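*Asks:* Supplied in structure tokens, the structure appears directly below.
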Amino acid sequence: MTTITITRPDDWHIHLRDGAQLKDTVRDISRYMGRAIVMPNLVPPAIDTETALTYYDRIKAQVPAGSQFEPLMVLYLTDKTSPDEIRRAKASGKIVAAKLYPAGATTNSDSGVTDLKNIYPALEAMQEVGMLFLVHGEVTDSSIDIFDRERVFIENILSKIVADFPELKIVLEHITTKDAVDFVTQASDNVAATITAHHLLYNRNHMLAGGIRPHFYCLPILKRNTHQQALLAAAASGSKKFFLGTDSAPHAKDKKEAACGCAGSYTAHAAIELYAEAFESVNALDKLEAFASFNGPDFYNLPRNADTITLVKKPWNVPATYPLGDTNVVPIRAGEAIDWQVE
């Protein structure tokens, strides 16, 4: 039986939601992740230090006994985020980054940034105090094809931010294109990217060919196979610039299986197992530990986790649904087998 032991991984991009759903999302992600960067796009969003810290307390209250799971908090940038707010957030010791959501780009992004120039004072403060800048890299112009929005964002917006703030550490989150891989690879050491398990395992054919499969619908949207292969190559390359970020984003079953379904795929139930499948598919299991457990903390200047987990190649069947507060979520690979499990 094949087994691999790796340093305990972290998730550098997750949506835990709030309220009644929190106990279920925290239960799933805390099983073997040491830490997670928690997205701030709540309703209302975590736009200030106080809101982010009270959210931290709600998450910690749901961490199961015996788990050392630690949430790492993020400030939601708006047109009005002040340099003083950035300094307050950094001083808290619990808020490690601030997030750019272009207004309207994704779930609960309506409070996001309408013009990049509006956050330049905040970015200057972040560069000064060493707070990371997390980016949802898509333009929101309705005239731009949804499959091109990441590429256009990189060309028109991100390249300028990188040039204007050379000392700012930037994470281009949940990259989905060869364009993003190439940009991050060629950029300075201050630019990195997270990659999801579902973008490594699937492409738009899985979502659209032979019937619409709404549980694969996420933002940024799944791209063509050539982009998927570029992501796999980047993740398995050994480059320190790429690391694990699930972007696990639960929605109730009826919100996904609808005439206008929500964007987001749920993978927290089996995150590292799905990544193991992806790395095995390109004969790169030896590169999984660095991607999952080393590159993220190194980029964030945080210590690596001290303990380990063991994965065993032993197929198991994923339930059709998992509880999500007072409703249910359909996970990726629902009703099907996953090849790996945590021992």
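Keep in mind that glycine also has a Cβ here, set from the backbone N, Cα and C atoms.
Per Swiss-Prot, active site is recorded for ASP247, and the stated evidence type is sequence analysis. Look at Swiss-Prot and you will find HIS13, HIS15, LYS99, ASP247 tagged as Zn(2+) 1 binding site, backed by sequence analysis. The substrate binding site feature in Swiss-Prot is assigned to HIS15, LEU16, ARG17, ASN41, HIS136, LEU219, HIS251, ALA263. The Zn(2+) 2 binding site annotation in Swiss-Prot covers LYS99, HIS136, HIS174 and rests on sequence analysis. As annotated by Swiss-Prot, N6-carboxylysine applies to LYS99, with the evidence given as sequence analysis.
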*Asks:* May I ask which of the binding-site residues ASN41, HIS251, ALA263 is closest to HIS13 (Zn(2+) 1 binding site) if we compare their C-alpha atoms?
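*Replies:* Given the candidates ASN41, HIS251, ALA263, the nearest one is ASN41.
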*Asks:* List which of the binding-site residues HIS15, HIS174, ALA263 have their Cα within 10 Å of the Cα of ASP247 (active site), in sequence order.
*Replies:* HIS15, HIS174
*Asks:* Rank the binding-site residues HIS15, ARG17, LYS99, HIS174 by how many other Cβ atoms lie within 10 Å of each Cβ and give me the one with the fewest.
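*Replies:* If we count Cβ atoms within 10 Å for the binding-site residues HIS15, ARG17, LYS99, HIS174, the smallest count is at ARG17.
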*Asks:* Distance check, please: Cα of HIS136 (substrate binding site) against Cα of LYS99 (Zn(2+) 1 binding site), rounded to an integer number of angstrom.
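*Replies:* With the alpha carbons as reference points, the distance is 8 Å.
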*Asks:* For HIS251 (substrate binding site), what is the tally of other C-beta atoms lying within 10 angstroms of its C-beta?
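*Replies:* I get 26 for this one.
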*Asks:* For the recorded Zn(2+) 2 site, enumerate neighbouring residues of the same chain (Cβ within 8 Å of the Cβ centroid of LYS99, HIS136, HIS174, site residues themselves excluded), in sequence order.
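*Replies:* What remains near the Cβ centre is HIS13, MET39, LEU100, TYR101, THR106, LEU134, VAL135, GLY137, GLU173, ASP247.
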*Asks:* Compile a sequence-ordered list of residues in the same chain as ALA263 (substrate binding site), six or more apart from it, whose Cβ lies below 8 A from its Cβ; state 'none' when nothing qualifies.
*Replies:* THR106, THR107, TYR217, CYS218, LEU219, ILE221, ALA249
*Asks:* By Cβ count within 10 Å, point out the most packed of the binding-site residues listed: LEU16, LEU219.
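*Replies:* When each Cβ's neighbours within 10 Å are tallied, LEU16 leads.
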*Asks:* Using HIS251 (substrate binding site) as the reference point, find which of the binding-site residues HIS15, LYS99, HIS174 has the shortest Cα-to-Cα distance to it.
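*Replies:* That would be HIS15, nearest by Cα distance.
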*Asks:* For ASN41 (substrate binding site), which of the listed binding-site residues (HIS15, LYS99, HIS174) have their CA atom within 10 A of its CA?
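*Replies:* Within 10 Å Cα-Cα: HIS15, LYS99.
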*Asks:* Around the Zn(2+) 1 site formed by HIS13, HIS15, LYS99, ASP247, list the extra residues of the same chain whose Cβ is within 8 Å of the site's Cβ centroid.
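*Replies:* Going along the sequence, the neighbours come out as ILE14, ILE37, MET39, ASN41, LEU134, GLU173, HIS174, GLY245, ALA249.
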*Asks:* State the Cα to Cα distance, in Å, between HIS15 (Zn(2+) 1 binding site) and HIS174 (Zn(2+) 2 binding site), rounded to an integer.
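*Replies:* So the alpha carbons of HIS15 (Zn(2+) 1 binding site) and HIS174 (Zn(2+) 2 binding site) sit roughly 13 Å from each other.
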